[in-house]
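*Asks:* The Zn(2+) 1 binding site annotation in Swiss-Prot covers H103, H105, H159, D183. For D107, H108, D183, H222, the entry in Swiss-Prot reads Zn(2+) 2 binding site. Annotated substrate binding site per Swiss-Prot: K192, F193, Y194, H222, E223, Y224, R298, R299, E300, K301, in sequence order. Under the heading N6-acetyllysine, Swiss-Prot lists K90, K117, K230. What Swiss-Prot records for K230 is N6-succinyllysine. Here Swiss-Prot flags 1-24 as transit peptide, drawing on sequence analysis.
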Amino acid sequence: MVLGRGSLCLRSLSVLGAACARRGLGQALLGLSLCHTDFRKNLTVQQDMMKIELLPALTDNYMYLIIDEDTQEAAVVDPVQPQKVIETVKKHRVKLTTVLTTHHHWDHAGGNEKLVKLEPGLKVYGGDDRIGALTHKVTHLSTLEVGSLSVKCLSTPCHTSGHICYFVSKPGSSEPSAVFTGDTLFVAGCGKFYEGTADEMYKALLEVLGRLPPDTKVICGHEYTVNNLKFARHVEPGNTAVQEKLAWAKEKNAIGEPTVPSTLAEEFTYNPFMRVKEKTVQQHAGETDPVTTMRAIRREKDQFKVPRD
């Protein structure tokens, strides 16, 4: 990430926010953390069936407004800054009906209560009773609709025990679908194992998300791409896909543009956590089994000192 005005604030809050995400202290920091994201640009992913507005939040989070083009009904993913969501809803002149919460950490679910006060009657979905303002608890393969869009809930426990990813598609459409992965799968990375194991993350990445169509758009919860790719380069220094993606991501960061979305097919070429079956990744980890490789490279990533280049 390029840090300009307020860079000290951003660095401090990035570290502090990660700790608070699992300690329940986020609400006390929410107002402070808006200091801020205005150097990061919104992005609209436009398709015939749906429009997805990427909304930067806090220091490196993303919220997402999903608009069904047929009905102009909308859902929002992880609305930690409710006022920004409301402004975007008004800009697009759509009807917000649904909140999709990936997990209970404050930087994802911390805006739910305020949003439902601003917009009474919202349906709030999630897989964990710790999620604020929850109205509909979902489990693996639960389904719901947003206008004419179909949403399938995918249980991916590990970062948190109740983590849900949301696979959004349009029945009968040939356009690529999208999966909102929260803190399970990032561009070139994955979430920390706060409440789970390497085996659970392996299943989440390879057996649940990895079996979705290859052209599925991966839409994640944070802008971590450059740092993730620097670790991927460390794991596989000879991987040209990593090198090319890193150069591209640095250019995007330099002008404040998102590196999201990627696709599942792309993730299998440069994401070391999706590549734990590859010999190059296993050799780096000193392992021969994908799950123990997952455990080893996650531990290494947790201690990795990101180079400044």
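Cβ atoms here come from the backbone N, Cα and C positions, even for glycine.
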*Asks:* Per 10 Å Cβ neighbour count, which of the binding-site residues H105, H159 ranks highest?
*Replies:* H105
*Asks:* Through the lens of DSSP with three states only, how would you label H222 (Zn(2+) 2 binding site)?
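*Replies:* Looking at the DSSP assignment, H222 (Zn(2+) 2 binding site) belongs to a strand.
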*Asks:* By the count of other Cβ atoms within 10 Å, pick out the sparsest of the recorded positions K90, H103, H108, K192, R298.
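*Replies:* Each of the recorded positions K90, H103, H108, K192, R298 was scored by Cβ atoms within 10 Å; lowest is K90.
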*Asks:* At its widest, how many Å does the recorded substrate site span between Cα atoms of K192, F193, Y194, H222, E223, Y224, R298, R299, E300, K301?
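*Replies:* Taking every pair of listed residues, the largest Cα separation comes to 21 Å.
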*Asks:* For E223 (substrate binding site) and D183 (Zn(2+) 1 binding site), what Cα-Cα distance in Å is obtained after rounding to a whole number?
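*Replies:* Here the two Cα atoms lie 11 Å apart.
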*Asks:* Sort the recorded positions K90, H103, H105, H108, K230 by C-alpha distance from E300 (substrate binding site) and give me just the closest.
*Replies:* K230
*Asks:* Just to verify: the residue among K117, E223, K230 with the fewest other Cβ atoms within 10 Å, which of the recorded positions is it?
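*Replies:* K117, out of the recorded positions K117, E223, K230, has the fewest neighbouring Cβ atoms within 10 Å.
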